[in-house]
Amino acid sequence: MSLPPQENPVAAVDAAGHPRPARLRAERLFHWLQWPCLLAVCLFAFTDQILPDIGHVAQVLFILPALVLLFAGRRPACLRAPALFLLATLLVQTSSWLFAPDLAAYGYEPVAEPKLDRLGRWLLFIFAAYWLLPKPGAVAALWLSALAGLLLAPWVTGGGGVELQQAAAGLRVGFGLRNEQHTAMLFGAGFLGLYAQLLYRIANGSLRRVSSAALLGLLLLTGGGVLVTQTRGVWLGVAAGIGLISLLAGWLQGRRHHWAPGKSLGILAVAMLLLLLAAVPAARLMGDFEHERGSITRLPEYIEADLGYDAIGIRVRSWIHALPWLAQRPLTGWGTQGSHLISQHSEGLPPELKRIFTHLHSSYFDLFAQYGAPGVLLFLGLLAWLGRFAVQSWRAGGMPEPVFLFIAGFIVYWLVINAFESFMLYSSGRYLLNLILAGALVYHPRAVAARASACAG
């Protein structure tokens, strides 16, 4: 079996122009391990949420070989920025641990060592992308594997037909995953990915009967998952994602000077269908709004006594009382126990609620509480980097348009839903973010250039 072309011929040779033995061995090992490790990546995507024990084994199977090859010298150029982000997470977590205050007076034991994996796991996509980079076609397999695992959740981790009957009766269900919010978060991302693909096909007149029917069916299934989990923060995020994807799709079609009435009507028809599907959650949302209107209308006044103890009131109370704590330690936070400390010693919640609400229910607040402003900036910086290289790659023709639409919609979606839940600090949120980043990194301009160079060689 012949050796594939070198990704970076300059780095693969010595001063005399001869191949470096270590690099040559690394390329040969990568060539033999690529398909088994790609299968492990897809197995991880499929099982991590529904069969986590298998998912953890699959994760080890593609991370360890990637580490060996990275140390052996096979280092794709597009991994430099993620490596810097990984270094930044280590620095932020270490500094937060080093300068954490003594919380013994509050009943907390000192943390013996920094918990570097809490933010470090945001960057596990490096090892998945390592195997995906030479084969952009594998991105679809990765994301479809994750979607297949999610759609099997009702029968693997959930209550099966009984839970589906409860959902049909209007009860809130979560299919046995962490809780309903996290289930909704996963279904919302799947819905946006399918919506971007379907809208692209409609706008470009590339609908095919069988594949488009399957796409529409999957869209309805994921949309149903978003509805039955009854999570308003995710509904808001999905609405924001749909809005941006639709606007971008329309703008891109007009930019190509192919604005046809039939295609415009197709986009309008899809938008109207989604509005109709949104009628059910909108009705419930309005009902919840009426129930919680007292808290909402009093927000500008910040009158604590008038805030209710509904979902909105509880969150706002905890956020308002967190502000003085956050202001005390803006650079390093209160350490990994900070969220629990603030929620338990805040005067905004009664004791019976403190037993339930052990964190601040917002990635922004929880990251600030534990790591200070640098933690929040890391989160926002990672998304900004994703958005920047997605735009660059799309402009250069390296990122397919439906992938670009999805990435744009996902960034807005992720920013919105993390305002209402701390997905960035839970395994399900890190899992989803890593899947998106691993797939997107395959289309990084440097990765595209490396593949073009390999083909030319």
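Cβ coordinates are placed from backbone N, Cα and C, and glycine is handled just like the others.
Within the set 79-99, 310-330, the record from TrEMBL flags 79-99 under the feature transmembrane segment. Contact check: the transmembrane segment (29-47) against the transmembrane segment (403-425) gives fewer than three Cβ pairs closer than 8 Å, residues 6 or more apart, which falls short of the contact criterion.
Across the residues of the domain 'O-antigen ligase-related' (218-380), the predicted structure has a mean pLDDT of 76. Counting same-chain residues at least six beyond the ends of the transmembrane segment (210-228), those with a Cβ under 8 angstroms from any Cβ of the stretch are 147, 150-151, 167, 172-173, 175, 183-184, 186-188, 190-191, 194-195, 197-198, 201, 234-235, 238, 274, 277, 280-281.
By the count of Cβ pairs under 8 Å, the stretch nearest in packing to the transmembrane segment (119-134) among 53-72, 141-162, 182-203 is 53-72. Ranked by Cβ pairs under 8 Å to the transmembrane segment (141-162), the stretches 182-203, 234-252, 403-425 are led by 182-203. Below 8 angstroms of C-beta separation, residues 118, 122, 139, 181-182, 185, 188-189, 192-193, 195-197, 199-200, 232-234, 236-238, 240-242, 244-245, 248-249, 315, 339, 359-367, 379, 383, 386-387, 390-391, 393-394, 432-433, 436, 439-440, 443 of the same chain, each at least six residues beyond the ends of the transmembrane segment (403-425), sit close to that stretch.
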